[in-house]
Amino acid sequence: MATNRTFTMIKPDAFSAGNSGAILKMIEEAGFKIVAMKATQLTPAIAGKFYEVHSERPFYADLCAYMSSGPIIAAILEKDNAVEDFRKLIGATNPADAAEGTIRKIFAKSIEANAVHGSDSDENAAIEGAFYFSQIERVG
Ligand code: GDP
């Protein structure tokens with residue numbers, strides 16, 4: 001059963017390029033409601049914890065360095081079928097493969113600096129949201 005929440009980050013490349021507002025506008029226009037949001041900067045260790053599932057992959061060290069290289073925005077989003085619909089809105093991991101009109105097609109710079117994160121399952125959406133936000137920091 002699809003839950004109605006997903007988790008996103010606006011990554012350092014998009015934040016530093018001043019694209020956070022445009023990306024949030026696309027997210028809201030696609031019907032997602034923001035139920036928690038904050039700007040923060042990860043340390044390499046915290047980025048490493050968030051992406052621990054990728055620790056065996058060759059790009060893990062680069063990914064942790066990149067994700068801690070500048071500020072990000074973290075947010076929990078609500079919509080029917082949130083996880084699947086958000087993955088459609090952001091497009092493929094590699095912007096070269098992303099569909100026209102998707103956030104990554106428009107804003108991503110590379111397969112690594114790909115503008116946004118979107119949870120890949122309901123289970124991970126809950127884990128990732130809880131990684132950043134306590135109950136009191138989110139709506140409902
Ligand atoms: P996602 O679910 O679409 O974000 O993709 P993954 O879970 O497979 O990868 C997590 C993140 O690692 C991606 O969003 C990219 O920022 C980065 N990444 C994925 N594949 C590569 C790669 O081949 N090289 C590099 N440098 N980074 C990658």
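Glycine is treated like the rest: Cβ placed from N, Cα and C.
Sequence annotations record features per position, and here TrEMBL assigns active site, pros-phosphohistidine intermediate to His117. Among the features that TrEMBL reports, ATP binding site is placed at Lys11, Phe59, Arg87, Thr93, Arg104, Asn114. Residues or ranges marked as domain 'Nucleoside diphosphate kinase-like' in TrEMBL: 3-140.
Note: Phe59 (ATP binding site) has non-local neighbours Glu112, i.e. same-chain residues 6+ apart with C-beta under 8 A of its own C-beta. Screening the binding-site residues Lys11, Phe59, Arg87, Arg104 for a C-beta under 6 A from any atom of ligand 1 leaves Phe59.
With DSSP classes pooled into helix, strand and coil, the tally for the domain 'Nucleoside diphosphate kinase-like' (3-140) is 64 helix, 24 strand, 50 coil.
The average pLDDT for the domain 'Nucleoside diphosphate kinase-like' (3-140) in the predicted structure is 97.
Counting Cβ atoms from all protein chains shown, Lys11 (ATP binding site) has 25 others lying within 10 Å of its own Cβ.
With all protein chains in the displayed structure included, the most crowded Cβ environment within 10 Å among the recorded positions Arg87, Arg104, His117 is that of Arg104. In this view, the densest Cβ surroundings among the binding-site residues Thr93, Asn114 belong to Asn114, judged by other Cβ atoms lying within 10 Å. For the ATP site, whose annotated binding residues are Lys11, Phe59, Arg87, Thr93, Arg104, Asn114, the maximal Cα to Cα separation is 21 Å.
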